[in-house]
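Chemist: TrEMBL lists these features:
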type     : residues : note
ACT_SITE : TYR48    : active site, proton donor
BINDING  : HIS110   : substrate binding site
DOMAIN   : 15-292   : domain 'NADP-dependent oxidoreductase'
SITE     : LYS77    : site 'Lowers pKa of active site Tyr'
Amino acid sequence: MQTLSFRNDDEMPILGLGTWKSAPGEVYDAVKVALQAGYRHIDCALIYGNEAEVGRALTESFEHGVVDRDDVWVTSKLWNDAHAPEDVRPALKETLSDLQLDTIDLYLMHWPVALKPGVGMPQSPDQLISLEEQPLAETWAAMEDLVDDGLARHIGVSNFSVPKLQSLLEDAERYTPEMNQIELHPYLQQSDMLDFAQAHGVHLTAYSPLGSSDRPDNMKADDEPVLIDDETIASIASKHDATPAQVLISWAIHRGTAVIPKSVNEGRIKENLAAADVDLTDADMQVIAKLDRERRYVDGGAWTIGDSPYTMANLWDA
Ligand code: NDP
């Protein structure tokens, strides 16, 4: 399995298992099956509400000798309601306790958005806090402390635009972000971000690489294109004797980004891992490059309700 090298020479396996929407009762088996099949990277977050179950699967897999703790890369994310510096450590402590780990391999600021403490998804604009009131750099400084204390081996961000990433690279006092986890797939290729990240030593992880078709209905548009049904992807897949999902995953790896497809189905978990062996040609990559349509499936609409301080324009800086 290919890896991405971090600054202290730690290696993150390029392909991991996503766990958003993996229901309690399903995610335990999914993580166990994935580790048995050879996955060595699991993507988690406190807001997914399933870290305790992921933790049980990890612990049992370690105890049964399926894999050593040191050989699995576990990522988690700080939820938006814990951006106040004093709330950052307790949030990671909760995640570590649920995951039954002493340290997290990578801890990400989930969104460049602040919510009032205790808010999961905001129901009214007064539950959102502006970035003027709660600057990202202050939250970041508290995350830097987690590295010094050995609670997080690496820190990064998620859903950051190029301008926000650039600001944080300038403002960070001790550790610059090593990762930006963002939505990336052939319909949302974000080539400017890829160029910027590569030039500044920041890795990218591609989330929703298969088009996130199981996300909640209130996050979906009626007319949205279904990535996994794309005809061009299907024809490249048949040429390689692969599935469309495998082509989408392999595309991300060929661009040098990590990729974290979610599945709770044993067959698809294994199918997705095998995507690492699908060797796309330069010609395939050029054809896929033309599919970009700047289509966000996870657009952050939840943060822009009413007269929220966040708008699509200031969230994505576009
Ligand atoms: P994905 O693009 O990974 O798509 C998941 C959907 O694809 C599910 O319906 C799954 O169904 C299905 N699927 C999985 N494998 C296959 C296959 N081989 N063939 C056909 N269908 C398949 O969506 P996600 O949005 O979940 O993104 C992946 C991960 O990225 C998340 O789980 C999460 O860990 C992370 N993420 C991070 C975000 C952030 O803000 N940082 C935002 C969004 C995602 P089934 O399970 O039944 O197989």
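Positions of Cβ are set from backbone N, Cα and C atoms, glycine also.
For each feature listed, report its degree of burial, its nearest neighbours and the pertinent distances within the displayed model.
Modeler: For the recorded site, TYR48 (active site, proton donor), the DSSP three-state label reads helix. In the shown protein chains, 20 other C-beta atoms lie within 10 A of the C-beta of TYR48 (active site, proton donor).
DSSP classifies HIS110 (substrate binding site) as coil under the three-state reduction. All protein chains shown were included, and the count of other CB atoms within 10 Å of the CB of HIS110 (substrate binding site) stands at 20.
In the three-state DSSP reading, LYS77 (site 'Lowers pKa of active site Tyr') counts as strand. Counted within 10 Å of its Cβ, the other Cβ atoms near LYS77 (site 'Lowers pKa of active site Tyr') come to 26, all protein chains included.
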Chemist: Give me the Cα-Cα distance between LYS77 (site 'Lowers pKa of active site Tyr') and TYR48 (active site, proton donor), rounded to a whole Å.
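Modeler: The separation of the Cα atoms works out to 10 Å.
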Chemist: Take the C-alpha atoms of TYR48 (active site, proton donor) and HIS110 (substrate binding site) and report the distance between them in angstrom, rounded.
Modeler: 11
